[in-house]
């Protein structure tokens, strides 16, 4: 199996060109290749596939083999791959995901127009109603709601960006025990499909800092859908403007919750690390 490893702000995935490779059991392959000791090492597996609705289709599998709807950092790297590998050479790209068809704008390097440096993703409209997260409880938005987690009350805001996010505003994400609390949020019975959790500190009207525990992967250096959900939650709670910068462990993302179309736009880098051939499980 030919593969390429890529990352967006350290959120790293193994990419397989589904136009040329067929995987019978991608969930098993995802678990094997994601292992950082016995595999290639990554937060998951992303397949680039033909689509009848868009320029290509993205399937994403977490490190535990579970399939996810979408990944913001992952889709930026996918866009770089399809452009640089001549699957689609336009700088306006449409990608089919389980969260819907997303539109992307690619920005080539000034010195080398054959290489993509940054990608802007139209992440779509945030879903704010409880049943769309999904989260158990009375209908309506989940805004500044108290949630008991292992006997400790946390004030949360819930947002879906095609996948569920629970945003918790805290004083110091750097010292917060994400490894302890992350799994407790992920498996909380209030979230029937599990949840991604962002622990956030607002620095000023246009800047926030966050750490993220991703459902199925654990703590990662960055999460594009998570940063997008945080941008929405920050504005809903009156903490920031609609345009802002998110600082994640792996670097910064530019975000905008556009008032005109209600869509969230995310801009960030995409990097190819290396390519190779996998001879392990599922190849």
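Keep in mind that glycine also has a Cβ here, set from the backbone N, Cα and C atoms.
As the structure is a computational prediction, the values presented were derived from the model and not from experiment.
Listed by TrEMBL as binding substrate are 11, 62, 72, 73, 163, 214, 215, 224, 225; the candidate from 112, 196, 258, 262 that the record includes in that site is 196.
Contacts of residue 71 (active site, proton donor) defined by a Cβ separation under 8 A and a same-chain sequence distance of 6+ are given as 11, 13, 44, 46, 60, 223, 224, 225, in order along the sequence.
Contacts of residue 72 (substrate binding site) defined by a Cβ separation under 8 A and a same-chain sequence distance of 6+ are given as 8, 121, 123, 161, 223, 224, 225, 226, 227, 228, 266, 268, in order along the sequence. The sparsest Cβ neighbourhood within 10 Å, among the listed binding-site residues (11, 163), is found at 163. Those residues noted as binding substrate (11, 62, 72, 73, 163, 196, 214, 215, 224, 225) have their most widely separated CA atoms at a distance of 17 Å.
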